[in-house]
Amino acid sequence: MSKKAIYPGTFDPFTNGHLDVLERALNIFEHVDVVLAENSQKQTLFSVEERFDMVREVVRDLPNVSVDVLREGLLADYARQAGASAIVRGVRQVKDFEYEFQMSLLNRHLYPEVTTVFLMPNVKYTYVASTIIREVSMLGGDVSKFVHPYVLDQLSRKRAERRAH
């Protein structure tokens with residue numbers, strides 16, 4: 001088993017597909033840091049604090065998992081400072097791989113000691129994307145099969161807030 005990996009993402013929200021990739025990573029690495037990106041270029045439904053709370057709640061019973069936030073700077077620098085030997089990325093489709101492959105090459109250039117590990121989720125999650133979950137949930141659709149009950153509650157709360165405004 002390898003040492004430590006980081007699993008970065010926006011996780012807006014954290015889905016069962018994300019959880020599946022994390023659990024697969026724990027079969028390979030001794031410890032995985034789930035790292036939430038505070039990406040100013042992405043419009044998110046949940047604040048980074050809300051996303052942090054959701055991920056922490058979902059993974060609280062998983063051993064050897066921690067949750068952190070990357071507020072600024074490069075992921076490669078974060079990986080170096082964290083002592084990570086790998087960056088875990090979930091890949092559902094070919095279009096995911098194209099982008100992730102480019103990012104892995106850049107990260108390898110910036111931090112040659114890190115390896116990007118691409119993991120495919122269970123086939124039942126290949127079409128589950130946070131964007132779709134957000135959209136369906138905000139329109140009142142049932143996404144309970146795709147997210148943890150705590151995340152479902154937070155999506156319902158957001159939907160109620162939006163209706164109130």
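Glycine residues also receive a Cβ, built from the backbone N, Cα and C atoms like all the rest.
What you see is a predicted model, and the numbers here were worked out from it, not measured in a lab.
In the three-state DSSP reading, THR126 (ATP binding site) counts as coil. The Cβ neighbour count for THR126 (ATP binding site), using a 10 Å radius over every protein chain in view, is 14. Summarising the annotation, Swiss-Prot assigns ATP binding site to THR10, PHE11, HIS18, GLY90, VAL91, ARG92, GLU100, TYR125, THR126, TYR127, VAL128, ALA129, SER130, THR131 and lists sequence analysis as the type of evidence.
For LYS42 (substrate binding site), the same-chain residues 6+ apart in sequence whose C-beta sits under 8 angstroms from its C-beta are THR10, ASP12. The substrate binding site feature in Swiss-Prot is assigned to THR10, LYS42, LEU75, ARG89.
Other Cβ atoms within 10 Å of the Cβ of HIS18 (ATP binding site) number 25 in total over all chains. Among the features that Swiss-Prot reports, site 'Transition state stabilizer' is placed at HIS18, with the record citing sequence analysis.
It is THR10, among the binding-site residues THR10, SER130, whose Cβ has the fewest other Cβ atoms within 10 Å in the structure shown. There are 22 other CB atoms within 10 A of the CB of ARG89 (substrate binding site), with all protein chains counted. Within the set THR10, LYS42, LEU75, ARG89 that the record links to substrate, no two Cα atoms are more than 18 Å apart, and one pair reaches that distance. On the backbone, the CA of GLU100 (ATP binding site) and the CA of ARG89 (substrate binding site) stand 7 Å apart. In sequence order, THR15, ASN16, GLY17, ARG92, PRO121, PHE146 make up the list of same-chain residues 6 or more apart from VAL128 (ATP binding site) whose Cβ falls under 8 Å from its Cβ. Sequence-distant contacts (6 or more apart, same chain, Cβ under 8 Å) of LEU75 (substrate binding site) comprise ILE6, PRO8, VAL35, ALA37, ILE87, ASN107.
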